[in-house]
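Q: Among the features that TrEMBL reports, active site is placed at GLU138. For CYS95, HIS137, HIS141, the entry in TrEMBL reads Fe cation binding site.
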Amino acid sequence: MTLRSILIHPDPRLKKVCDPVPDLSDELRTLADDMLQTMYDAPGIGLAAPQVGVTRRLIVLDCVRDGEGEPRPLVMFNPEVIAESEESSVYEEGCLSIPEQYAEVERPAEVTVRWMDRNGMEQQEDFDGLWATCVQHEIDHLDGVLFIDYLKPLRRQMITRKMQKLKREMARG
Ligand SMILES: [Zn+2]
């Protein structure tokens, strides 16, 4: 498995609507495995394909916290929220493409998600708590939406400027 480099906002590839995956291939399975590896290494609890520069509808996640049980890596091709609760919840979110910036985002507290798994099988599951927040955050990425898009413009611009500065520093090495 190979670690992929994670794009940092702002980047046009993070703003694209990603293409559905019609059929699985070894290449896509390898990408999913690499993404899981990259996510655990970061460390993070979710990663979407556009964050590694691939504009396909693929996300990976694992919201089991260290010491709270066995890891539960999920690979979702073409994930879709098919139902959501009226009740909402607020979590402080972060993003591997927006390092060290966190903000509270309100989303539906429970969602039902349908997806195709690593073996090409259709899956459906209800998520709540951190899992619900995380899966919605990652699916947003597939539509070019970042968590900072839910913030007030001023806050969003401030974070974007910080990221531009970070990228300039990284480019200089
Ligand atoms: Zn993210």
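Note: Cβ is positioned from N, Cα and C throughout, glycine not excepted.
Because TrEMBL annotations are produced automatically, they should be read as predictions rather than curated entries.
The model shown is predicted, which means the values in this text are computed figures rather than measured ones.
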Q: Under 8 Å Cβ to Cβ from CYS95 (Fe cation binding site), same chain, six or more residues apart: give me those in sequence order, or none if nothing qualifies.
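A: Correct list: HIS9, GLN101, HIS137, LEU146, PHE147, ILE148.
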Q: If I restrict to non-local contacts, at least six residues apart, and a C-beta distance under 8 angstroms, what lies near the residue listed as 'active site' in its own chain?
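A: Expected: GLY46, LEU47, ALA48, ILE59, VAL60, LEU61, MET76, PRO79.
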Q: For a quick check of packing: other C-beta atoms within 10 Å of the C-beta of HIS137 (Fe cation binding site), how many?
A: 24
Q: For Fe cation, what surrounds CYS95, HIS137, HIS141 with a Cβ no more than 8 Å from their Cβ centroid?
A: GLY46, ALA48, GLN51, GLU93, SER97, GLU138, ASP140, LEU146, PHE147
Q: Any idea what DSSP makes of CYS95 (Fe cation binding site), helix, strand or coil?
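A: Where CYS95 (Fe cation binding site) sits, the three-state DSSP reduction gives strand.
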